[in-house]
């Protein structure tokens, strides 16, 4: 399935050793005399199409079919103009750029490394120059050994575990029964996907001395395209462009704009006129599009091995994690939907909503000052029924289920990651010591100390300097959190002010539903503020991270990730926390309201409770944010690429793009995000927080998350395959710092769900009433018949004459009820106005408060105990994988030993044939 690539003439292999290039010091700067002998890389005479600037000149010896293959390769845009050297990497620069001298030195040192080069000007802009790079076989071998790249050397020997006779008979019967069932629709046909040799072979770090051990059927395809690009990128990162120890590497040249872009090529077009079923895939990109990025295969498993082969382990692990997370959402979505349906089916038998709907004689106090009228409790019948859909007897079970699910998800992901790490040869892979960031070197180049690992001097940051920078950064983070709190405070003031405004609205629909209108508009405004602050947070996080001066790129990435997650998490969830735990909790009572700045009365909950506000907040924010993210992820690159194609059509005609070489097509695509997979992970982690933290208030959150993720996988796949340049295939062992963040969210979700059930919902007050104050008090029952009279028991009485002047309603209720209102009801546990201590808390209030605190403690301890027990019982490494790893280690040692004996035996036989025998020969 992979297009074959040919490099320079293959060197002869003698005794298993490949000769090194003639140049010894490959990282030196050429002096003036050498510079005269070498042609300048920016010389216009070299820019006619296809000029080969490589030091090796080869004559074409192919005839007939070979010439046809060369022509086909040249037209594909994946090879040099000789049709033999595969393009492994592309550098792009402009002739008008003044950094000519740096590029000349850099390119001379590229040739000194043994890489072959060819330049070509753009077909659309003569100022743009493409520098094509090819790594010959001997260079690939040398750096594969230096980089410890693992390559296949022997086919795996599969073995079956010992089975009992009973199990064997059962498996035969099951397999016979499966023959009558339809084929699994979610799996791909084996004929469609290629046979990836590295997954069926044992691998070992490549060694030129033991090259005869490795499976080399074709030197052109032994190193796949992703590995070749990674080796070339590794070389480019270590080449000097100026005199000086810090003047090194491609990244610095991209930073100072010496080069505009650097990227590996896609393997041709992702579309084909022929069907993949009849003619097969033309290349791996086409295969990925048909089997992964095409919308018609949304229900199928992801071809992870093919993704890893094309994009590298880091991107492969992201899609493996995203697929695992999406698959694990299925049971949560089913259970959440069942909890919702349980609320639907038990709606007619719910005693609380019945009493609310039948309470036509209960007059509720106004919800706001002046303009809000008196209302019957039965007017909130619809809201009471909607609240029951989310706040019912199954809510507690679902909260415990989700807390346990979060632990199971993380534990089984560790096992899944271990299997992938084994299959992808990441078990023994250790990240090489990272290079110091250029900014860190420039800042602290005057002060150095010896590196205990490498033994070389390196820039050193003093402890006091580091602490002072961290303190300033922490202060900036604290200030931005205060900005979020200020924004939430502004939303609170908006809600307080607009309740009265909507209550005085001329339109009856708005006037009668002022509470819902206030909540809905506040959520939409809050979403706009969230989106605006996210733009500000990214700039602040960049500023603070650069201020800290992290030493390496991974330290910079972890610091930036933590800040951005903290900012966005607080920004996204602050209003939700307010509604869940503060809305309606500190309003006071009629006649003695608590006010903001002694002016605005704090907002109260609806007579049916605050849970409906929390559901609206979560539902609207979750849907809007996911829709916006999906649009920005795919819509922005689509629009950018469409605009580029439109300009090319206007300038060069409709058929011009089809004749562009591959490097021209890829250059016109959008580059991958500057932060790599950061945006992809951040979106999913924030969604995971929404799915777990307040799931007790919104059981449909997993359903929305599942639907979004099914779309998200194909959106990301389509974007990677069709809209972005091919990213560099980089390696990684895990998802990094995101795993720790997921664990933190899992712990936080237990705490928040305990408080949502105890504080926000009416679960605890109902239990207390059923067992202590209802008709079944003292009988140990808590059915629906035990809830008779619950609504009346939760409402206190207020005498209208005790209203403050500024909160007294404009009407006395005569226009609505026919007579003036003397008493109204409100949600609280307080004494009536004619008691000895009017408006003080009743004993039932303290019973409910004690039950809430007890529930929080019991719930948290129970769930944390279950979570820790599950973490302990589920091993991080599956037993069969552990056995396979041990067996593989044993077999590798045996194979290496046998291969070495075989080689020595062959050498001995050859010496005997040539008459060169020696005494005391071993073995």
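Glycine is no exception: its Cβ is also placed from the backbone N, Cα and C atoms.
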The annotated transmembrane segment range in TrEMBL, which must be one of 367-388, 433-454, 543-564, 565-586: 565-586
Top Cβ-contact partner of the transmembrane segment (565-586) among 394-413, 470-496, 735-759 (pairs under 8 Å): 470-496
Proximity of the transmembrane segment (735-759) to the transmembrane segment (470-496), 3+ C-beta pairs under 8 angstroms: no
For the transmembrane segment (394-413): best-contacting stretch of 318-345, 470-496, 516-537, by Cβ pairs under 8 Å: 318-345
